[in-house]
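Novice: Please see the structure below; I have some questions.
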Amino acid sequence: MASVFMCGVEDLLFSGSRFVWNLTVSTLRRWYTERLRACHQVLRTWCGLQDVYQMTEGRHCQVHLLDDRRLELLVQPKLLARELLDLVASHFNLKEKEYFGITFIDDTGQQNWLQLDHRVLDHDLPKKPGPTILHFAVRFYIESISFLKDKTTVELFFLNAKACVHKGQIEVESETIFKLAAFILQEAKGDYTSDENARKDLKTLPAFPTKTLQEHPSLAYCEDRVIEHYLKIKGLTRGQAVVQYMKIVEALPTYGVHYYAVKDKQGLPWWLGISYKGIGQYDIQDKVKPRKLFQWKQLENLYFREKKFAVEVHDPRRISVSRRTFGQSGLFVQTWYANSSLIKSIWVMAISQHQFYLDRKQSKAKIPSARSLDEIAMDLTETGTQRASKLVTLETKSQFIMASNGSLISSGSQDSEVSEEQKREKILELKKKEKLLQEKLLKKVEELKKICLREAELTGKMPKEYPLNIGEKPPQVRRRVGTAFKLDDNLLPSEEDPALQELESNFLIQQKLVEAAKKLANEPDLCKTVKKKRKQDYTDAMKKLQEIENAINEYRIRCGKKPSQKATVLPEDIIPSESSSLSDTTTYDDPSDAFTFPGQRSSSVPHSPRILPPKSLGIERIHFRKSSINEQFVDTRQSREMLSTHSSPYKTLERRPQGGRSMPTTPVLTRNAYSSSHLEPESSSQHCRQRSGSLESQSHLLSEMDSDKPFFSLSKSQRSSSTEILDDGSSYTSQSSTEYYCVTPVTGPYYTTQTLDTRTRGRRRSKKQNVSTSNSGSMPNLAQKDSLRNGVYSKSQEPPSSSYYIAGYTPYAECDFYYSGGYVYENDTEGQYSVNPSYRSSAHYGYERQRDYSRSFHEDEVDRVPHNPYATLRLPRKAAAKSEHITKNIHKALVAEHLRGWYQRASGQKDQGHSPQTSFDSDRGSQRCLGFAGLQVPCSPSSRASSYSSVSSTNASGNWRTQLTIGLSDYETPAHSSYTSCYGNVYNPLPSPSRQYTEISQLDGTDGNQLEDNLESSEQRLFWHEDSKPGTLV
């Protein structure tokens, strides 16, 4: 029992001691692990700080070159990747650097390329301790080395291909690997000597990739196969071996392709290959044959987003047949997926490869023909031996290159031996640069001289910056008319009213500007364009000055002060004929902007009567440009003058006329009196733009005139088919202002207008209170107020409504034009004026009259019977409805009476011999050709009732020595003695969307001059019959 008990106690003690020991060991181990982890953290933190500290000063990098050299660099934070590539290329004397790049392996094991425009340290370089490993390699491949210009580039391509084959980046079959290994031996060691030497050299040279050794476990078999090919190429030079090696590699399908592992939408793995040919999709087990190949010319767009890379491909086989497709047809998107860093690398590579493809495509025309491979082989053979020996000696040297802030300092690197030829090339290049810089400097000096001369012309003093050669004197500069001025010294800031003080300051400044502008405008020896522009600037300055003055007066009145009396007058030296651009371009967009005054032409569209503006507006008279027949014949166009702007705030000084009279000048009459239309031929010989004006009744004008005195318009050398001069001026006709194009004859005389001479203008001034000017030669407006808009004549530039169209006419139809001398009216009721209001004809009857009237004269065209210029022609008989018999008989009687009276007067005038009226009547001639022969113009009747103006005939008593005032409208009329054709046919069955018409007259220079002389010599007086009735012209 005792022994058993003791054994139990010993076992217990042994177990307890063992437990305590195990517990102690585990505790110590736990403490050791915790302390060790803390020590690791401290050490890691210290190393990290050391790396950060080192990053601020630069980062150590090691560049592996293609010839197995390694360059250690201290890369500074500001160093660009392009500068680093230049540094590496300088160690090879490499000229064609566009094919190469620098790559690195990031923390994920993916290959990335440095972007040349970015800093080196801005890339995601690996954060492993020690120097960062960079690789110098070929980034952009080409079809053949024959396109390379430099032999150094060819050799680097060879070294890059050899490295890619050895690393397995280019997949090659085993038999091809044995051939390539044989060329490597021939290039490095020369011809075959022995198997032992060959086997020894193969172990040192990068000949077998890992994949080949895995396929053939026996190294001796691989070496034997290489020796067999090595014996076959005995006798090849080094250059030939390199060329043959590159020919085989370039034929491989995987040459020049950058592969990236991606997945599709279904998650299946693929290889994405990017090369100079395009983008290909390969099976994960096969990099040789692509499943899909998208050439660069097929791709439309490349983009990536986070983990997705997509390309837009244009496939002509996928043309969409949907009519609702608005985008480009045949486009589809191909998408691949990977991690974000890899997707970005793929996108950068694709963009750079596509840009390289475009650059090569554009520069192919500049690239010379490819060199022969034999020539390349000879170049490589000559430099092979020297370069090989040089590379062997350099392997033993330690190399360290410092790059700081972009400046590259090399110590212990290769001292490249520059040949004399390269030195000469460098010198020539520097001389060219020097020459270009000198030329640029001379251009800058010339520009500086021009600037200094310009400054001297303005200031009168030559600046000291003017460049002078040695012994050269500064040129003498004539100072131009200065515009400098001094402000009033008494103008001091006022604390009482700063706003008024500011206005006063602006007024004084503007006043000085006006004086300066006046000086410039009065400069002699200026061309017409510059002088006109300066006068325009002067006028604008005056306008601004008047605005400031008005603002000052308004402010003073608002503040309860007395307005200042400043005389802002537009000087007389602004000649209206030279500054006519101020009035020629005046248009009224609103009737309220236009005012009408006695002796002033109204706007082309009638509007509501306005009261006279006050005198404060400063409008006392309007300047009109005088036109001459000679100028109009030279310019071959008619000029129509507009009134000067009514909103002018200046007070125009009164200019005395040459005739010594105090009345205002007569405005230029530039309208055709036959139709109150103005035919203005433009550059086109086939079309012209016509704008018809109108004469409107002004209530304020009529109120100022005596009702018992006759009211008429006076014009020289003018003809109108209407001969009424109403004695009361109570009813006027108007024609809407319309613009249209009409066909004009290709050849023929030019049509122009005549202005009133001095005597005629003087006669008119003497009868100012009885004379009214108009904007056209049309009849006064007789329309009733209820036929318009609320009794007010509205202004409109749009064509009239369709209710006023005549459905048998077209505005642009080419037809023989005829116009009987009647007027075109606004609507059905306007302008239907008759001597006896109780027998007014209907609209339909007026329209039928016009048709028959035109047809009859067209049929009688051969007769050419002369007519009295003031006679209303007899209408032919035509059967009509019974309801119209009375009206027709009335008109027939009126016409007969009218013709008898005019024939009696005409027969009485023949006895007067060579009187002024005889010349004038012969000039008047016949009215058969109111339209030009053969002229194709749009026939546009005004309404269904184009009324003809007629007058009642009375006794031929009275003095009619100067009958030119009778029947003449307010605008010019051609003075041709004879006409070549009768009335044309006005009827056209085509519909007419607008109401437009035109008239063209002829002017003969000889007759016109004769008429003008006769008119100047005659006394221009007007006599009225005592027994004339209201509305009757005799």
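Glycine residues also receive a Cβ, built from the backbone N, Cα and C atoms like all the rest.
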Novice: Candidates are Lys473, Lys562, Lys1029; I want to know which one Swiss-Prot annotates as SUMO2 cross-link.
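Specialist: Record says Lys1029.
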Novice: Same-chain residues six or more away whose CB lies under 8 A from the CB of Ser372 (phosphoserine)?
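Specialist: Those within reach of Ser372 (phosphoserine), by Cβ under 8 Å and sequence separation of 6 or more, are Ser146.
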Novice: Sort Ser372 (phosphoserine) into helix, strand or coil using the DSSP assignment.
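Specialist: Note: Ser372 (phosphoserine) is coil by DSSP, not helix or strand.
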Novice: Average pLDDT across the region 'Necessary for adherens junction and tight junction localization' (542-971)?
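Specialist: That region's mean pLDDT is 46.
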